[in-house]
Amino acid sequence: GYYWKRRSRRCYSDVDESTDSGKRILVLGLNEAGKSSFLLRLSRPDAALTSLQPTEGFNVVCINSENGSSLNFWELGGSETVRSYWPNFLHDTNVLVYVVDSADTKRLRCAAHEFQRVLQDERLQKVPILVLANKQDLPGAESVEEIATILGLEELRRRSFRVHILPLQMPSDTNHKSSVAEAKHMIIRLSHEHASV
């Protein structure tokens, strides 16, 4: 049987979920990097994060941007078994978002390996990339600069990849909102840049 399970498709701001129109934002990263939490904060800023379950298969969240265009976030599970299916979802991507757990220092090399592996696919060569260095508020988290080094972002830029990196944190208080909002604005900007290429 087909392995992928659509956990849910949640749409906000009256986005028509009967179509796949709008920008396609692919959200990747290892399991427990914070992909689902990020999407929940984007769509429902005041929702509690405690009830989230790991994504099995994929999850689609649709959000309207301020200019009225829809953003379709395709979040793929990040477990070792599921990563082999990532290439099945690379088509028609407008922006690639790669979420890294900055505090999971034991798996940063694995996160870098999976990042580099997925970028070998030629379908992503002209796609803007946003790396989110998540959990910057946790003790022992690597800095944004260190995450950029581990993931080899400078080398990617030399190879003409359009890659950006931002810090991210999602604690229970209101401090998370600024970094999530900054990430959202960057994703919107990158999606328009890709459309104009």
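Glycine too: its Cβ is placed from the backbone N, Cα and C atoms.
Keep in mind that what you see is a predicted model, and the values were worked out from it rather than measured.
Residues or ranges marked as GTP binding site by TrEMBL: GLY29, LEU30, ASN31, GLU32, ALA33, GLY34, LYS35, SER36, GLY78, ASN134, LYS135, GLN136, ASP137. Under DSSP, ASP137 (GTP binding site) is assigned to coil, being neither helix nor strand in the three-state scheme.
Look at TrEMBL and you will find SER36, THR55 tagged as Mg(2+) binding site. Within 10 Å of the C-beta atom of THR55 (Mg(2+) binding site) sit 21 other C-beta atoms, taking all shown protein chains into account.
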Which one of the binding-site residues (ASN31, SER36) has its C-beta surrounded by the most other C-beta atoms within 10 angstroms?
SER36
Can you tell me how many other Cβ atoms are located within 10 Å of the Cβ belonging to GLY29 (GTP binding site)?
25
Cα-to-Cα gap, GLY78 (GTP binding site) vs THR55 (Mg(2+) binding site), nearest whole Å:
8
What count of other C-beta atoms do you get within 10 angstroms of the C-beta of ASP137 (GTP binding site), across all chains shown?
17
Inter-residue C-alpha distance, LYS135 (GTP binding site) and SER36 (Mg(2+) binding site) (nearest angstrom):
13
